[in-house]
Amino acid sequence: AKVIQFVGSHSFPFKILSSTVELDSFTHRCYIGHISSRRMSGKYKIVMVRHGESEWNLKNQFCGWFDSDLSENGKKEAEAAGEAVKVAGLKFDVAHTSVLKRAQITLNTILTKSGQSEIPVFKTWRLNERHYGGLTGLNKAETAAKYGEDQVKIWRRSFDTPPPPMEPGHPYYDAIVNDPRYANEPKKEEFPMFESLKLTIERTLPYWNDVIIPQLKEGKTVMIAAHGNSLRGIVKHLDNMSEDAIMGLNLPTGIPFVYELDENFKPVVSMKFLGDEETVKKAIEAVAAQGKAK
């Protein structure tokens, strides 16, 4: 079994588990980073979190680059994440997020709740969610019923198979393509009409290498609040996951996880969630179930 470590506090819906936990039944549904040794600590530390549940997550719709707000539950998840960060004593020097408000609100809530609202925050389209193209706005369960669960899993979780493109007649085409926040970047030739995970990684990793890695080298502790697929890309890169393994990785909404890296930016600690085993397990199962037909 791979190994996952959870930490937390009795003061909110997480509990302290000081030892690592092996979960054979858990790992077939998601990739769990190996904890080399819970006594080891890396030279560099980075904390990542997928945004809290959005209104479109709640409706089980493909969201992608559509700028959905957080649901009421998502706002509570962000507050709980901030409390988890505070109790864990994590202090950040800089934070990064996408240009989409569900990630920005999650980050702002975490930083405010943990008393760190004054740190510099970088916002970039390169941390945006994967562009779901023509699937944007469709209900995942209804799409699975129409095209089959296997096809929807491929569209959602495969490495290099993109969804159908977003055509000009798509109901959300204008809201996304002509959004003023994209007036300067990405460049017209870079603006996606669909993305596979592979394409998402290709626009996310340059930001990781050119902006985040230099900050880590300066000794800064970094926070990233982003999206399921942009974070899956970073995790795949850090843990050198195979294309098959990445299909099984489902990141829960609103639960921060910690990486500690050695001098070569290789993980000493991978995916250490700030949450208890059962909470994380249920949250991941909920994400995995989104693509199933009702």
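From the backbone N, Cα and C atoms, a Cβ is placed for every residue, glycine too.
Now, the feature entries from TrEMBL:
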| type | residues | note |
| --- | --- | --- |
| BINDING | 50-57, R102, 129-132, K140, 156-157, 228-229 | substrate binding site |
| ACT_SITE | H51 | active site, tele-phosphohistidine intermediate |
| ACT_SITE | E129 | active site, proton donor/acceptor |
| SITE | H227 | site 'Transition state stabilizer' |
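Non-local contacts of E53 (substrate binding site) by the CB criterion (under 8 A, 6+ apart in sequence, same chain) comprise L70, S71, N73, G74, E77, T253, G254. Within 10 Å of the Cβ of H227 (site 'Transition state stabilizer') there are 28 other Cβ atoms, across all protein chains. Each of the recorded positions R50, H51, R157 was scored by other CB atoms within 10 A of its CB, and the lowest score goes to R157. For the pair formed by E129 (substrate binding site) and H227 (site 'Transition state stabilizer'), distance between Cα atoms is given as 5 Å, rounded to the nearest Å. Nearest neighbour of the residue listed as 'active site, tele-phosphohistidine intermediate' by Cα distance, taken over the recorded positions Y132, R157, H227: H227.
Comparing Cβ neighbour counts within 10 Å across the binding-site residues W56, Y132, the minimum falls on W56. E129 (substrate binding site) is surrounded by 26 other CB atoms, counting those within 10 A of its CB over all protein chains shown. W56 (substrate binding site) sits 13 Å from H227 (site 'Transition state stabilizer'), taking the CA atoms of both as reference points. In the three-state DSSP classification, H227 (site 'Transition state stabilizer') falls within coil.
Mapped onto three states, the DSSP output places R50 (substrate binding site) in strand.
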